[in-house]
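Going by Swiss-Prot, these are the annotated features:
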- 20, 23, 24, 85: heme c binding site (BINDING)
């Protein structure tokens with residue numbers, strides 16, 4: 001199992017604003033060019049209503065946990081070949097942990 005360090009919410013907020021916000025939201029169910037991340041943890045990949053996922057995402061058989069998100073964020077295209085995700089990923093462990101900390105709090109409101 002992947003060990004994830006404690007993330008920093010404020011750092012994660014800044015990462016989200018600069019790297020994710022152009023395509024995703026966490027505080028509503030309304031999709032942008034990428035799906036909403038509202039309530040993502042515990043949900044299956046490719047299941048947010050109102051978003052047209054790639055077959056790779058729909059057929060991934062992944063439940064989003066902190067661990068799966070951590071691994072995915074390192075290199076989305078490698079983790080899920082065929083995904084529409086255009087983001088190259090976050091190489092730094094701390095950045096991924098920080099972003100997950102932010103998404104975890106904001107997506108559960």
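The backbone N, Cα and C atoms fix where each Cβ goes, and this holds for glycine too.
Sequence features, as recorded in Swiss-Prot, placed on the structure.
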residue : record              : Cβ within 10 Å
20      : heme c binding site : 20
23      : heme c binding site : 16
24      : heme c binding site : 21
85      : heme c binding site : 20
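In three-state terms derived from DSSP, residue 20 (heme c binding site) belongs to a helical segment. Same-chain neighbours of the heme c site beyond 20, 23, 24, 85, judged by a C-beta within 8 angstroms of the site's C-beta center, are, in sequence order, 19, 21, 22, 32, 33, 34, 37, 87. With 20, 23, 24, 85 listed as the residues that bind heme c, the site has a largest C-alpha separation of 11 Å.
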